[in-house]
């Protein structure tokens, strides 16, 4: 049963308003279109939309009260009425939202693990949840591929939901028996305070490379946003990738840091490192050493960065006290994440690997990872998103030309931009104009590659991963790389 609280108690940390005790808050809602009879509407000033413009609409929808961000006309602490509905104004409401929602949903008590970084967040959160389930502990995830238990994920609009959604979802998950939840924590989510009131048992840093500069402006601002997971949330354990330049620097600054590396470290360093890594078609075998002792594991994942992902997940769970032998014994039962280095293969045709790689660093790592598994030619099919960072377009084309034997440029959510102009930006990164084929339709691009590839080739279909849509100028249409691979290879879904 959902928790309720009277408005006086809900606002107690910021406002003394005993006259509002007879108003019951049962659900907070940020979107006026979603307000139902008896909901409390929260009107914040967002980065795009000012929720205060929709107060009247929320009241018409049945809001029983409104909590709004203050302004010069309506200062902090003001209580007024509109159509007999109370409106209370708070200063910097956007920064208080996480705590406000936490009070209503009683700050769900479970082990929270926050994972931040440019790449690897989804894989690591899902590996952590899988491993905990295999160890007998009910665990959930929140992130790009959805929220909830792995066998019943509910779609998510953003990597990190809004502050109210997060607290509401955690309360629901706790009610369903979750003992731990692994959350993808995006830089946007950190800057906008969406996880401000959460206390993390562990935080994980994967890596930092070019992404979201259209939002943050500089790499320095992007890095600073990520760092706040460890400096402002009292993480008991900070699991840091030492093989990343930024991670190595942060490790020196964080007292609670546990390092992770694919390379041997000095015994005095508080870290877990690989003493040997073997890659095969059946997966990755890692022997490790360090502050948690020695061990060996095998998991059916492919690619060097998945070796790092495995060790980051392992170090996190060991730091939280999960039995080491139970983790090593169950590693072979771990499964790849949908759309993350996901292999589709049949006899007599090239292998197709679907991956979410949509940044220069991710594309480079994906191609490098597949090269060690590839006995024939390596193909790269990818595009770049419209209305996003244009600077990465030539960079990604240069990487593909350098690391793949064949390059096919295609569309990936062109949005309001002309797809041909996006491709022109990518072509600028090539040293030879004829080193890439252009096919705007993704299905046709994969069909072209399969028609021209040999059986021992590997085709990387990058950019969409788990997504099942293509965002065009005036509409969003259904499209899935995974479904395309299955259809063209004749694999039943």
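Along the chain as shown, residues are numbered 1 onward.
Placement of Cβ uses the backbone N, Cα and C atoms for every residue, glycine included.
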Residue among 388, 402, 432 sharing the meso-2,6-diaminopimelate site, where Swiss-Prot lists 412, 413, 414, 415, 463, 467 as binders: 388
Residues flanking the meso-2,6-diaminopimelate site, with Cβ no more than 8 Å from the Cβ centroid of 388, 412, 413, 414, 415, 463, 467 and excluding those residues themselves: 358, 383, 384, 385, 386, 411, 464, 470, 471
Meso-2,6-diaminopimelate site span - longest C-alpha distance across 388, 412, 413, 414, 415, 463, 467, in Å: 17
Cβ-centroid neighbours of ATP site 117, 118, 119, 120, 121, 122, 123, 8 Å, sequence order: 115, 124, 184, 206, 207, 309
Nearest of the binding-site residues (412, 414, 415, 463) to residue 119 (ATP binding site), judged by Cα-Cα distance: 463
CB contacts for residue 121 (ATP binding site) [other CB atoms within 10 A, all chains]: 25
Fewest Cβ neighbours within 10 Å, where candidates are the recorded positions 226, 388, 415: 415
Rounded distance in angstrom between the Cα atoms of residue 415 (meso-2,6-diaminopimelate binding site) and residue 123 (ATP binding site): 27
